[in-house]
């Protein structure tokens, strides 16, 4: 028998990917391509769609590759992946990093060839946390040292990302960590301590005025976007107008007047959901929400039915990430969450985010295979 | 696990609920807001209608036409309706498309009874008066058609530039109207019709109702209006040249006191008549036939004799009036000049009396 590569698992080689994961994520990416095309149609000669299509192909390939891997084998590479992720986050703060929209979050290797280390750090951190929290302790639940290690492993990327600064992404890490510790079955006192710590951190941020003025304005604008429609509220107001004006059926793809007129800034990236809202209407926007929900519910089912606590924590971390990010992204475009720079997974333009999200789905599928292999 | 499922589901339901509220419940509102933010409306001003003299050419008497004149009085007819052009704009305000356009509706044309040649004659006569009298003087010339009450010429100023140079201002009546309307002079020895008992009968003391703004009322002392009580009496009767002209017209047209009109008709740009305008009868002169005959005779006799009839007013004011032609009075001419002595008004009246028949014989050539 020919020895297979270490990351491969023979039991899974012929099984196709779980359609409950593949169909919604691929569908979202397909819709994303159309919406990116619509959002950038007014810029002649732009190659956003082509590049996004390339990213999607890359993401699908990586997803397939990751889904073939055996999670326990994957686990061996976690320290390397995590350190690479941290290295990327450090590198972005050096002169290698490029600042876009106020965040030094990009590393540009060449013209049209750049990436966002924080996206890959999400995957790396989730893998690392799963390795630490995933069923090491005697009782099957992580002990205090594991929880503390997990917190330390999260703190590093969170601090690095906060220095970019990109608080939206940092918040994703926090949400993922809280979710994974909860799922790991850690004792309630750890969770309570974590909650207390978070509260303390928030109070400190407030008291030490770590929030910048624009962040405070975004918070106040959430409550009353009409207060300053041409200033801080502009983004929120225009996003709301674009989404609301779609009404039930939308103006039709490539026909949105608000989209064509570039009334919503960043509409091909973070505000892609406004394009769906205007051009596809409630039916289209709700369909996107539905696809995201299907993917998340399928992921939750995989989380619940995983044979190992490692798989549970890993899949749960992915779900926390995608759920939080999708909610915050859609929420900010419709005025229920303050505006932060987070992309809509699978849909927003952005190669790093696309590839990372597909890799995460690959992880879910890999966890799913362990269930099938060990009935 | 169940907790996570609940959290995820409630997050997605929140988004769905909010979408429902924004797009279905408030959708029409936001659709309107979106359309408003993309739409720019540009008004297209409508060209004003023209004001034509009796010969069909544009009326050039600025004092009658412009602001404070016919354009103000007939604004609703002349202004037309502005059009609008709707443009699609992007977030930077750049026009991307013309969505639609409703063209402006030009204003209607106003035809008048003003005879441009008689009007010019009146203005020239007035200019001569002004030149003689110096800068302190104001004056006015009114020519009415006796049988209809139509205004044939109306020259006079209250601070406007005229052919002979700027005349002095009647500071009490600087409102910009024609001097013929607002110069209120005691008519002096035109006693036949301004004698206290007759003044009210001839329509003095109230506006003639001519289709020009800022008309003065004149004044009748309280001895004429006994109901006001004797204590308020101020003295002389004050009449405007226009009031006098309507009274003189009534003396030869059988007693009809017209409310004079310059306008004859409002005509659409395509030529269809919107409405015709005729001077309405404001009343009938209640004076005795003897009085009327006396006036007629006096004015006719004097004018046929070749010397202006006169009528010297108080110090600093002179009047002169005549019928043209004297035998079959078609027009009545009233001239007033301030601070000029009698001769200034007389010579202006003579200019009119001699000039109008000449113009009439050449009419139509």
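Note: Cβ is positioned from N, Cα and C throughout, glycine not excepted.
Here TrEMBL gives transmembrane segment for one range in the set A:1-19, A:191-209: that range is A:191-209.
Looking at A:21-42, A:113-134, A:313-340, A:346-367, the range that has the most CB pairs within less than 8 A of the transmembrane segment (A:280-301) turns out to be A:21-42. Sequence-distant neighbours of the transmembrane segment (A:113-134) (same chain, 6+ residues past either end, Cβ-Cβ under 8 Å): 74-75, 78-79, 81-82, 84-86, 88-89, 91-92, 98, 105-107, 142, 146-147, 149-150, 153-154, 157, 161, 164, 166, 169, 172-173, 176-177, 180-181, 184, 186, 308-314, 317-318, 321, 350-353, 355-356, 359-360, 363.
Long-range contacts of the transmembrane segment (A:169-186) within the same chain, counting only residues at least 6 positions beyond its ends with a Cβ under 8 Å from a Cβ of the stretch, are 105, 118, 122, 125-126, 129-130, 133-134, 140-142, 146-147, 150-151, 154, 157-158, 161-162, 194, 198, 303, 309, 312-313, 316-317, 319-321, 324-325, 328, 340-342.
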